[in-house]
Structures are given as structure tokens and as C-alpha cells.
């Protein structure tokens, strides 16, 4: 259903490119990305759920990160794939707002989960004696509840802001999803206030998360440097390295898109940057955590061993 103050009932998603020769190769490429994302994240979810050794705060948050990434990718990628094989990749006004809501919800939730994971690593390395008390199941659940409440509130604020805009004639969204910058560009009423709201909200959320992660890892680094054992330092670094890689990929690409005005970053370049935090990061999360984590690899070998044993019987 279209908004009452808008004459546009549907939008057309331009997709990633309009060059015919690239449509099928890109479709196959991103279909492959999506399959890896789905298999990787669902596999990690099942692996954590089935192995009691992984029922710890760290993997509790990783479980939710994988769940968010799976839902996040499913919100965006299938519609993007349609743009490569459809002549007219349309989406209803209400459908566009729905996609925008879930996109914002999962982006904000993922950033906050990454922040919670940084705090978990800080407590584990800097205060190991009180770790089980500080990161008790109740505390973890409260942190996760806060993550989803803030994600929902932020998504509602952004979606409500976009829903109040008037779209008069042009309905071609120069993007592969219903994102905030291309929708603001289409609005026929003034969007300067909305742009300011987006900038303040994104700056606040990213700022809060970056400060939390930076302080956590500054304290972690200080604690690691005081460890005399080389093996102890290596183990401490290995538990944090995967998380640091994901933080840089996710926040680096996101900040590059949302913290620069359109005059500095054209939408065509913004689409390419958006690929990192919408398509690439959800695919890399399970790969990085499975390939760089000894506990996950051990749990995977144990699970595969059980499956082979049952087959032989």
C-alpha cells in the first residue's frame, strides 16, 4: 500500500549494473555468495547448538551474529539477484519500506552484537577470575535484549522518517536495495532534515560502538602485553583476531557510505561500497570464525565424526 502523501505506488530497483554482458556472470557470482552465506551461517548455528562445549557467552553471541547475518542476507540478496535476470525489478512502496526496516534492524543489531562480543573478550582476557559471574546467562540475555530493542527502535525511526517523504514521479532507485541515501535522492520534498537525522543517528550508533570496541581492545592489548608467556600471548591474540577483522570490514565499509555526503561519494560508488557490509561480510563471518577458531574446528570434526559413525552403523 502506498503512502498517503506519495503518488508513487512502486519503485524500480536499478540493480548493480545495466550492462547486459555482466548480468549473468554477476548473477552466478552473487548466487554463489548467497549459497555460501546461507550454508556457512546455518552450519555455524547448528554446530554451536549441537556442541555443549560451545555453549559459552562468546559462542552465544556468535550464534546470534550468524542468525542476524543469515536473515540480513536473505532480506537483500534474493531481490538483488532478481535485478540480474528481470527486465523490470519492481518493488511495491510498502515492500520497499519493509525491506528498509529489516535492513536497518539487522545492520544496527549486528553492530551492537559485535560490540557485545568485544566486551565479552575484554572480560575473558582482562578479568578471567570473575568471567563466569560478569558474563552470566542472565547478563548475556539482557545484553542481547538491549541489542534487539535498540535495533528495532533505530529501524522504526529510519523507516518512519523515509515513510514521511513525498515521492512524486521518479521511482527509479539507483541501488540494488531500498537504502536510505537513494530514497532521499528521489524525494520531491526537502530531505535535508532527514539527511541530518540519518547522519546523527548513524554517527551516534557507530560512535558508541566504536568507542566500546576501542576501549575494550585497548585494555585487552594492555593486558596481553603483560603476559610473559609467548604461548599465552598467542592464544589471547588468536581469540580476538577474527573479531577485529570483522569489525574493520563491517564498520569501515558502512562508515564509507553513510558518513560522507552524496557530493563526495556518488551513489554508484556507494553501491559498490554497500556490497561489503551487505553481501561480503555476512558471507565471511562464518568462514573467518570457523577457519581461525580451534574450538569451532574441533567441534566440527567431532560432529562429522559422529555423522560418519552413525552412517557406518
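Backbone N, Cα and C define each Cβ position, glycine as well.
Unlike curated entries, TrEMBL annotations are predicted automatically.
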Of the ranges 59-77, 78-96, which one does TrEMBL flag as transmembrane segment?
59-77
Considering the transmembrane segment (196-224), which listed stretch of 26-47, 140-167, 274-291 counts the most C-beta pairs under 8 Å:
140-167
Counting only residues 6 or more past its boundaries, what in the same chain has a CB within less than 8 Å of a CB in the transmembrane segment (140-167)?
3, 5-8, 57, 60-61, 64, 93, 97, 100-102, 104-106, 108-109, 112-113, 116, 119, 180, 183-184, 186-189, 191, 194, 197-198, 201, 205
